[in-house]
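Asker: There's a structure below that I have some questions on.
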Protein chains: 6
Amino acid sequence: MRPSGRDNDQLREVRITRNYTKHAEGSVLVEFGDTKVLCTASVERGVPRFLRGSGSGWVTAEYGMLPRSTGSRMGREAARGKQGGRTVEIQRLIGRSLRAVMDLDKLGENTITIDCDVIQADGGTRTASITGACVALKDAIDFLKKDKNGAMKGNPFKGMLGAVSVGIYKGQPVLDLDYAEDSKAETDMNVIMTEAGGFVEVQGTAEGETFTQDELNAMLALASKGIKEIVEIQKAALQS
Amino acid sequence: MRPSGRDNDQLREVRITRNYTKHAEGSVLVEFGDTKVLCTASVERGVPRFLRGSGSGWVTAEYGMLPRSTGSRMGREAARGKQGGRTVEIQRLIGRSLRAVMDLDKLGENTITIDCDVIQADGGTRTASITGACVALKDAIDFLKKDKNGAMKGNPFKGMLGAVSVGIYKGQPVLDLDYAEDSKAETDMNVIMTEAGGFVEVQGTAEGETFTQDELNAMLALASKGIKEIVEIQKAALQS
Amino acid sequence: MRPSGRDNDQLREVRITRNYTKHAEGSVLVEFGDTKVLCTASVERGVPRFLRGSGSGWVTAEYGMLPRSTGSRMGREAARGKQGGRTVEIQRLIGRSLRAVMDLDKLGENTITIDCDVIQADGGTRTASITGACVALKDAIDFLKKDKNGAMKGNPFKGMLGAVSVGIYKGQPVLDLDYAEDSKAETDMNVIMTEAGGFVEVQGTAEGETFTQDELNAMLALASKGIKEIVEIQKAALQS
Amino acid sequence: MRPSGRDNDQLREVRITRNYTKHAEGSVLVEFGDTKVLCTASVERGVPRFLRGSGSGWVTAEYGMLPRSTGSRMGREAARGKQGGRTVEIQRLIGRSLRAVMDLDKLGENTITIDCDVIQADGGTRTASITGACVALKDAIDFLKKDKNGAMKGNPFKGMLGAVSVGIYKGQPVLDLDYAEDSKAETDMNVIMTEAGGFVEVQGTAEGETFTQDELNAMLALASKGIKEIVEIQKAALQS
Amino acid sequence: MRPSGRDNDQLREVRITRNYTKHAEGSVLVEFGDTKVLCTASVERGVPRFLRGSGSGWVTAEYGMLPRSTGSRMGREAARGKQGGRTVEIQRLIGRSLRAVMDLDKLGENTITIDCDVIQADGGTRTASITGACVALKDAIDFLKKDKNGAMKGNPFKGMLGAVSVGIYKGQPVLDLDYAEDSKAETDMNVIMTEAGGFVEVQGTAEGETFTQDELNAMLALASKGIKEIVEIQKAALQS
Amino acid sequence: MRPSGRDNDQLREVRITRNYTKHAEGSVLVEFGDTKVLCTASVERGVPRFLRGSGSGWVTAEYGMLPRSTGSRMGREAARGKQGGRTVEIQRLIGRSLRAVMDLDKLGENTITIDCDVIQADGGTRTASITGACVALKDAIDFLKKDKNGAMKGNPFKGMLGAVSVGIYKGQPVLDLDYAEDSKAETDMNVIMTEAGGFVEVQGTAEGETFTQDELNAMLALASKGIKEIVEIQKAALQS
């Protein structure tokens, strides 16, 4: 029995609100239950130095948590003067995953920066971030399509990307862990898949107990089911 | 004629939403038109080193802007590894102002940290922050009152604090400048007053043209009017 | 009765020594009583990136205190690896104020950097800094006038700038607070005015008690009187 | 056909040299072909603040690359003033994995720090690091067993941990990628398992092409085979 | 012929002004010709962590240059966020040298921090700093002697320390190089000796041409002569 | 009697292994007894900004210690976010010394970076570093000679450079101090000489007791003898 009363293969309510703020080329509030992340996509002409003159574009991501998005206040990273290891890990994961659905040559020499800022945390902030970021990225690309100076060379977007966490909680494989589960799970795994069903990232970590091949397969099956549902919600949001 | 069509002495619509997020002891979304700031108050037992053993408490503030709260993306301060001068100035102002309505001895050895994070910026983020922060602070104090272990010694809160910007725009004194005005104003002034009508801070800066004593007096009169209205809105929010 | 025995509207002795060090294009030791600040102006060809190609120049300021300029030793900011919030606030104020008396277009693509380093502190270091910096700035501009390669386009200097602190001390408005007064004042205000009598900055802060409109007006009158005297001293120094 | 001529399920030559340097409580040079990593284990009494008084110990890891361990020189992280995101990710992975084979309560209030410094890189530095680190950790624990003041409470070491990379290279699942393969692989996966065959970490990343469930299973089978061989080599080294 | 017209074995005019600023326990302006350094000694109760409970005291030094003490403006180290290598080298040298004339056990658990801040640079700032610092240190010790709570155990000061630079300039050994010589010298050597004539530090560096044993001996003889004269000036200053 | 049983004028066994790692243009493991330092030389086209367009090349050095190269673990400088003062001092010394045997004009606009990383420390790491670095530098220059694009203008290498420490230990001048001696020596001196017998650097520091001219001369004679032997070993290594 899960703390939230959900079935083992049941997502939290996933909500995606586009145009949440007014300045960004893509601005999405994504909610997985009480986890709320603001994902903005910012388009800038030009690319980082290592790509200049290549004709190719770039997609990168940054991640942050508001200090009181969590149960007890976390020190502000800007005040401490550095981003923590967890932050760095997550933003590298987001950026790498999004690039997996992009044809950077077609993007032209544009950079899209995705900012994922956690307003409220209740587990699964990295998978919610990727889910929302992909929608914001799509909006930014649609903005660039309409922009004559953007100089894209065709459609760089290869399809949606969904992400969800799965885990072993009290010996059972479960889908989309909230904080109450995540903090006690034996295994925690983040899975990122394309809408076509290919794996982009699989990151599973044993916390205390190791996990078996069977448990891994059960978790991947749950993830696959959940991501299909998430992609439907992304597509519905993009059509509204 | 103001870009927004407002009268010279007219505030933007000010909205205050309490309990905006679930973890903080005080959590307020404050909106001055399109300027939106999330103000959270976090209560922690204990005080900074310089107050330990004094029996006195502490109130401090931090301020940040989400990277794409603005028209073009600002670099993330956590990524750059330091807070900019403007950030430091603003968070010192917020903290100092809030302490002006606190009796820190009565607070006991508790620290209340106010985080003001700008979700969307359209001018006046520092005055909106102080306005929202004061409401979040009041909620945090009410939380502490109910907490037997909080060890307050009476009510440390001396009354509401409102803040507003005023300026000289196209030669006219105007109240509550939005970004379109602020970026072109000849003079920009931030005024912070108690609900009893005393001045806590007055910070006026000439941008290009200097200002006269008469202009200063006209701006202060506008600020006084605006802050009275803001305090009414704060009080209404606290009663809802 | 003031600790120093001065009248309420009496400045400390203000001394301005030009050419205090030999390398800088402007080098001024300014003393307000026991407060001693070395203000140097350094001229460099070129401007920061955001002005390149604009034809316009730039004036900026940096501020520092020698570690033992104060009663107890302050940690060296270079050793701690960052400038404190107070330092940042003050140097932004100095730079912004000086730019108010400059026509940056006429300066051409030159940068003048003003360094204000406090040798000995006894209250009022920021107003002494601005007062001395303005004289050093004038010397640097006169240096540029004689320099054929400096490429100024006319006289960029619009007139002198004086600065002084005022406050409410033991219920009385007083002019030019020294440390003994400053550390106990109910209100502390820094006022910066042009020699023509226009306000450039007004920054008043209540420490404990709020202040009224009448007190504000009394303080501004004192400041106006003091700055007139300071401008006379600046002009006398420039003629010697 | 692999660039090295190896079979798809063939490891590089794995060598483990204990007591490589003289000061550390555990000091292991691990070589996977041309990848060479020095892994040292340092024992210190006491634990980080968050564990003080808990009776429990701690194991943590740091990772670094010598500037010219790679084909072109990498900037020294100490000189740049921060560890890069990749470094942070890897050292968190090493520490987390090693803790999976430790009973920290039995370790007592001791901290073991594992340093993995890459002398020469040719792909697979993180899996080589974990493989060598586990042997150095075992040596450090054996050191502590002999130390009366170490105050362990029984044997904290739960068994060996082996790590290896697998991937999809030119459409084929392959074991233990060297740099020539790693830089061109479609998928790269790091697998960490206990000697008992349980998964501790699985981290798979698609580079360009996504991967399927079948490919994932094939890679895990290769990893399982390779790790069994690696554990044998670890055990042989510990007995010599 | 030296640029200054001095004889090869002639010091610049050396001036030592005590009580130069009012807050520090020792405050000395030292001038070697146009090189001017303010040396302050600050006494604090307590010692760094590594000495706590040892009964022994500590002497340490910090060094800085005002940004425009030099011919062209140097970036402010506090603004750049780190002390340069040259600064670190010099302040370690100053601290180490001063400790050579101290009996730290007799100092008791007090820390004396020497700040050497260069007001104007014209070569030889490190040797001028040590020369002035030693006088400021002596004043601080005399302050501690009169302080009942200072808890010294006898006189910790073992005697004066003088420092001077020597070098090979246009093939000739010369004493006390100014900037015009220093920037062109073939060899530059800093020598620090006690008043009893013992060497504390010898640091000689060839710039371009190597130097011979004979040249080394000639330079040391010049240094010895110069330091004798410097110690006389220090003693005269202490008696005035 | 020395702890190692060596004669006062006896070096430890000095071993030089070239091509120790495979990527660098010069890669040397140098051992002075138990002190082991990996010295790599990396060639890059181009020079730092201050030399661009000058036609001249640059040689620079960086130094680091592996965290557990020492008896107790030292914090990793990359993790602390800055290089310590000792590190900075040593790498400046290495770079400056190597430039003394280079004709940088003949090097052309190439930069050679020498990395000296201490694998195991037992006293004398800086002199071992310079000794090994010189051999690595020679190998890098020979690499450049064969490289048509390297654009050297003749042979920039002026001859070998050897370095050794000497000191006063228990009142006796001794050659090549190991850690057991170094930590108790009254005086510690590092001497760097060319193969032609010229001094490049002499750095002597009294630890507790000052030293006399006679002791200085005795130490220099020992150093001269030791460096002659070291240069022979360098040359033998280069011929093997």
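Residue numbers in this text run from 1 along the chain shown.
Glycine is treated like the rest: Cβ placed from N, Cα and C.
Those TrEMBL annotations? Automatic predictions, nothing curated.
Feature list, courtesy of TrEMBL:
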type: DOMAIN; residues: B:10-140; note: domain 'Exoribonuclease phosphorolytic'
type: BINDING; residues: B:Arg86, B:Gly124, B:Thr125, B:Arg126; note: phosphate binding site
type: DOMAIN; residues: B:159-226; note: domain 'Exoribonuclease phosphorolytic'
Asker: Which one is it: of the binding-site residues B:Arg86, B:Arg126, which Cβ has the fewest other Cβ atoms within 10 Å in this structure?
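Answerer: Ranked by other Cβ atoms within 10 Å, the binding-site residues B:Arg86, B:Arg126 bottom out at B:Arg86.
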Asker: When you measure from the Cβ of B:Gly124 (phosphate binding site), how many other Cβ atoms are you left with inside 10 Å?
Answerer: 26
Asker: For the domain 'Exoribonuclease phosphorolytic' (B:159-226), how many residues does DSSP put in helix, in strand and in coil?
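Answerer: Per DSSP, the residues of the domain 'Exoribonuclease phosphorolytic' (B:159-226) fall into 18 helix, 30 strand, 20 coil.
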Asker: Taking the Cβ of B:Thr125 (phosphate binding site) as centre, how many other Cβ atoms lie within 10 Å?
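Answerer: For B:Thr125 (phosphate binding site), the count of other Cβ atoms within 10 Å is 24.
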Asker: May I have the DSSP-based helix, strand and coil counts for the residues of the domain 'Exoribonuclease phosphorolytic' (B:10-140)?
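Answerer: Helix, strand, coil within the domain 'Exoribonuclease phosphorolytic' (B:10-140): 42 helix, 43 strand, 46 coil.
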Asker: Starting from the Cβ centroid of B:Arg86, B:Gly124, B:Thr125, B:Arg126, the recorded phosphate site, name every other residue in that chain with its Cβ within 8 Å, sequence order please.
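Answerer: What remains near the Cβ centre is B:Ile90, B:Val118, B:Ala121, B:Gly123, B:Thr127, B:Ala128, B:Ser129.
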Asker: Could you tell me the mean pLDDT over the domain 'Exoribonuclease phosphorolytic' (B:10-140), as a whole number?
Answerer: 97
